[in-house]
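Trainee: Could you have a look at this structure, given as structure tokens, before my questions?
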Amino acid sequence: MKKYVDVIVPLPIAGQYTYSLPAEMEEKVQIGCRVVVPFGRKKFYTAIVTNVHYAAPEGYETKDIEEVLDSTPVLLPKQFEFWEWLASYYLCTLGDVYKAAIPSGMKLESETLVVYNPDFEASASLPEKEQKILDLLSNDTEQCVTQLEKASGMKNILPVIKSLLDKEAIYVKEELKRNYKPRTEARVKLADSGMDEARLQQLFNDLGRAPKQLALLMKYIELSGWVSRETTLKEVTKKTLLEKAGGSAAVLNGLVEKGVFEIYYQEIGRLDKGMLKTTDINLLNPAQQQAYQSVLQCFREKNVCLLHGVTSSGKTEIYIHLIQEVLKAGKQVLYLLPEIALTTQITERLKRVFGHRLGIYHSKFPDAERVEIWQKQLGDEEYDVILGVRSSIFLPFKNLGLVIVDEEHENTYKQQDPAPRYHARNSSIMLASMFGAKVLLGTATPCVESYFNAISGKYGFVELKERYQDIQLPHIELVDIKELAHQKRMQGPFSPRLVKEIKEALERKEQVILFQNRRGFAPMIECHTCGWVPKCKNCDVSLTYHKGLNQLTCHYCGYTYQVPRSCPACGSVELMNRGFGTERIEDDIKLIFPEARVARMDLDTTRTRTAYEKIIADFEQGKTDILIGTQMVSKGLDFDHVSVVGILNADTMLNYPDFRSHERAFQLMAQVAGRAGRKNRQGLVILQTKSPDLPVIRQVISNDYEQLYYDQSAERQIFKYPPYYRLIYVYLKHRKEDVLDMAADAMAAQLRSGLGSRVLGPDKPPVARIQTLFIKKIMVKVEQTASIAKVRDYLLAVQRAIIEDERFRSLLVYYDVDPQ
Ligand code: ADP
Ligand code: ZN
Ligand code: ZN
């Protein structure tokens with residue numbers, strides 16, 4: 001009887017596809033393994049098997065699987081269950097989830113771009129097919145799989161590509177250029193293992209006429225410790241030797257040919273970076289001990305607990321104690337951090353305690369490294385603790401016991417684009433429940449929804465109000481800049497009071513942080529004379545200015561433009577960089593304090609992970625006096641010598657048209673303020689605003705989260721927002737504006753017939769055209785008590801009906817559930 005498999009393909013299409021298995025593969029395939037399948041016209045994809053059966057599908061002829069890629073599953077049953085939940089809750093397809101969940105290197109397809117690795121040196125000769133592909137790539141070092149298929153005349157080369165990837169002869173091209181670290185390292189040793197003083201002297205004489213070779217040899221003797229007669233010589237890498245001796249590879253090769261040196265290759269696991277000494281964990285102080293016990297107590301009755309602890313109360317210490325308990329019970333821990341908070345500071349702190357049991361999953365790591373972690377988690381020596389960003393909820397856990405969501409209020413836990421538009425905090429609660437695991441949400445400024453769940457008893461609730469060692473919370477001083485601007489007493493963005501405080505801090509050799517909220521999405525160009533801003537011709541957005549490239553790019557469609565020499569609207573040549581404002585601030589501060597060492601931390605200066613870490617390290621080590629930054633400066637950083645924090649303009653946060661804007665502003669300001677003042681003195685925060693009378697400003701000053709919560713939640717109840725109502729945004733896209741308008745009206749009308757006044761719109765979203773597609777948005781507000789599952793089913797049914805209408809054939813519909 002013929003065997004079939006159902007698979008998920010990495011495409012945004014609903015449902016799964018059935019393929020037949022050629023006889024020779026029948027025994028090889030298991031649920032959760034990857035297979036290569038033909039799809040569409042001459043395209044191949046890596047698909048994942050979700051079922052193996054004997055039932056031929058009705059209505060269509062199945063195609064055969066091309067190849068089975070795994071002998072054991074890479075997707076575990078619980079994960080698959082989690083994927084299904086995600087797809088149904090966030091109203092997207094399993095293909096969407098698959099694409100987000102699995103690192104690129106594990107889901108090759110015809111369009112995958114692969115890149116030649118110039119550092120690769122084969123340890124044995126490659127199979128013919130692999131060599132052929134590699135040769136093609138060595139000529140033209142970046143090609144997509146289809147291109148290579150054509151050039152080689154081979155059909156379906158995904159298995160060949162996979163094998164080359166495993167050997168790291170090639171790698172998958174990623175958006176960002178990342179430092180790629182080869183996994184094997186070339187090292188140098190003396191060919192003559194019995195080398196002694198006399199023979200070495202002879203060698204020196206022989207090389208007398210080849211000074212470069214001689215220099216290299218002498219450097220080797222030095223680096224390997226041969227001179228000091230160590231019993232075992234130190235290993236010397238080819239790279240270090242050439243660098244230190246200032247020699248070239250040709251010189252080294254000369255010595256290899258003369259039989260002086262031998263080159264050998266050593267595997268260097270990227271993940272295990274040498275032996276780690278672990279330290280004992282810190283003892284908790286009485287307040288922390290009490291909080292810790294309360295969390296444990298909560299977990300006896302509830303699955304989720306909110307830990308509301310002021311900044312620097314030692315929440316991380318409590319997490320560490322909890323992790324240790326869970327590890328003792330033989331279970332795994334997932335420790336989630338928002339992207340921008342995952343710094344060396346926290347990784348090193350945890351590495352010191354958990355050593356090799358800790359793995360780190362970061363989106364700025366090379367893809368190959370993420371593949372390696374994935375594979376490791378499937379094996380027998382998996383990490384017990386994963387510290388990671390949003391996407392680490394997809395890693396294959398076997399025995400999850402605890403999830404920690406640090407800075408749980410951070411909106412970067414929500415993925416905006418593309419689908420799945422999931423929230424990692426909320427999703428991890430579901431993931432944990434599948435494992436019977438507990439979830440701890442930690443923050444100094446809870447999101448209104450979590451706080452609501454905590455005080456209503458749905459979650460456990462623990463508070464920690466003391467800072468560790470009673471370090472005082474900073475003193476926040478309000479400065480009304482509206483009045484000052486009126487009197488022309490502002491120096492650029494700085495009030496006289498702020499200038500005075502910065503000056504005094506610098507005199508005391510203390511540090512300053514200046515915080516400027518990020519206004520738009522990205523830096524822009526603006527005409528100084530008429531205010532003209534360049535826009536994308538395909539999308540309804542302003543273009544992003546890349547200073548380094550001196551280019552304009554569209555953030556949505558990727559289209560690039562030259563920077564115009566003059567303004568097309570008025571002819572003025574005064575086009576200026578509007579930036580985040582941080583650049584301006586940097587210039588202004590340098591004028592006032594020319595001696596001060598100033599650094600800027602924003603999207604522009606932190607494109608790579610290393611650049612980001614360097615700014616932090618320099619500030620930590622006191623190499624910088626003033627740090628200017630956007631929200632990035634507020635997260636997960638402990639600095640010891642910051643005595644003044646300036647919030648330059650609170651109003652940009654408060655005026656943002658969103659029901660969460662005051663909540664967000666409070667969170668941001670509280671977090672930024674928390675950077676001021678460490679061990680022995682109280683820090684000072686200067687809060688500059690034009691609206692000193694807003695309640696939220698008072699709440700920031702008195703650090704009164706409860707009052708903020710009561711105000712905000714009262715407002716949300718009246719205006720029907722979370723936590724009292726759930727939101728789903730329905731987005732419709734079409735090339736033609738009139739068709740879109742008709743479709744949106746039709747869909748809204750149908751939705752209203754079932755959901756009544758819960759449906760609002762359609763409206764034009766702030767960005768109303770992307771990639772030449774017009775966009776409309778319908779908002780659905782559902783009361784907490786209603787069945788959200790029924791609403792989802794209804795939405796999908798209406799969508800199907802609309803799509804079936806001849807007129808709306810190429811209409812795109814997608815959803816944003818629990819939008820942020
Ligand atoms: P939070 O996560 O609440 O902001 P942290 O855990 O980062 O606070 O603690 C703030 C600082 O106090 C850190 O430098 C940390 O090492 C130190 N600290 C907190 N609790 C302890 C403790 N029990 N023993 C030693 N140091 C502690
Ligand atoms: Zn102009
Ligand atoms: Zn565009």
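Glycine is treated like the rest: Cβ placed from N, Cα and C.
Sharing the record's features from TrEMBL:
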- 296-464: domain 'Helicase ATP-binding' (DOMAIN)
- 498-722: domain 'Helicase C-terminal' (DOMAIN)
- Cys527, Cys530, Cys567, Cys570: Zn(2+) 1 binding site (BINDING)
- Cys536, Cys539, Cys554, Cys557: Zn(2+) 2 binding site (BINDING)
Trainee: Quick check for you: of the binding-site residues Cys527, Cys530, Cys567, Cys570, which have their Cα within 10 Å of the Cα of Cys539 (Zn(2+) 2 binding site)?
Mentor: none
Trainee: With every protein chain in view, what's the tally of Cβ atoms within 10 Å of the Cβ of Cys570 (Zn(2+) 1 binding site), excluding that atom itself?
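Mentor: I count 13 other Cβ atoms within 10 Å of it.
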Trainee: What whole-number Å value do you get for the CA-CA distance of Cys557 (Zn(2+) 2 binding site) and Cys527 (Zn(2+) 1 binding site)?
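Mentor: Between the Cα atoms of Cys557 (Zn(2+) 2 binding site) and Cys527 (Zn(2+) 1 binding site), the distance comes to 23 Å.
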Trainee: Consider only the binding-site residues Cys527, Cys536, Cys570: which of them have a Cβ under 6 Å from an atom of ligand 2? Write none if no residue does.
Mentor: Cys527, Cys570
Trainee: Scan Cys527, Cys530, Cys536, Cys570 for binding-site residues whose C-beta lands under 6 Å from an atom of ligand 3 and note them, or write none.
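Mentor: Those binding-site residues that pass the cut-off, since their Cβ is under 6 Å from ligand 3, are Cys536.
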Trainee: Cβ neighbours within 10 Å, counted over all protein chains: which one of the binding-site residues Cys539, Cys557 has the most?
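Mentor: The residue with the densest Cβ neighbourhood is Cys539.
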Trainee: Given a separation of at least six residues and a C-beta threshold under 8 Å, show me what packs close to Cys530 (Zn(2+) 1 binding site) in the same chain.
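Mentor: Listed in sequence order: Cys567, Ala569, Cys570, Ser572.
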Trainee: Any idea what the Cα distance is from Cys536 (Zn(2+) 2 binding site) over to Cys527 (Zn(2+) 1 binding site), rounded to a whole Å?
Mentor: 16
Trainee: Can you work out the mean pLDDT of the predicted model over the domain 'Helicase C-terminal' (498-722)?
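Mentor: Summing pLDDT over the domain 'Helicase C-terminal' (498-722) and dividing by its length gives 85.
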Trainee: Quick check: which same-chain residues outside Cys536, Cys539, Cys554, Cys557 lie with their CB within 8 A of the centre of the Zn(2+) 2 site CB atoms?
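Mentor: Near the Zn(2+) 2 site, beyond Cys536, Cys539, Cys554, Cys557, sit Lys537, Asn538, Val541, Leu543, His555, Tyr556, Gly558, Tyr559, Ile770, Gln771.
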Trainee: Sorry to bug you, but what's the C-alpha spacing from Cys527 (Zn(2+) 1 binding site) to Cys554 (Zn(2+) 2 binding site), rounded to the closest Å?
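Mentor: Spelling it out, the Cα of Cys554 (Zn(2+) 2 binding site) and the Cα of Cys527 (Zn(2+) 1 binding site) are 18 Å apart.
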Trainee: Measuring CB to CB from Cys527 (Zn(2+) 1 binding site), give everything in the same chain under 8 Å that is also at least six residues away in sequence.
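Mentor: In sequence order, the residues whose Cβ lies under 8 Å from that of Cys527 (Zn(2+) 1 binding site) (at least 6 apart) are Val533, Cys567, Ala569, Cys570, Ser572, Glu574, Leu575, Met576.
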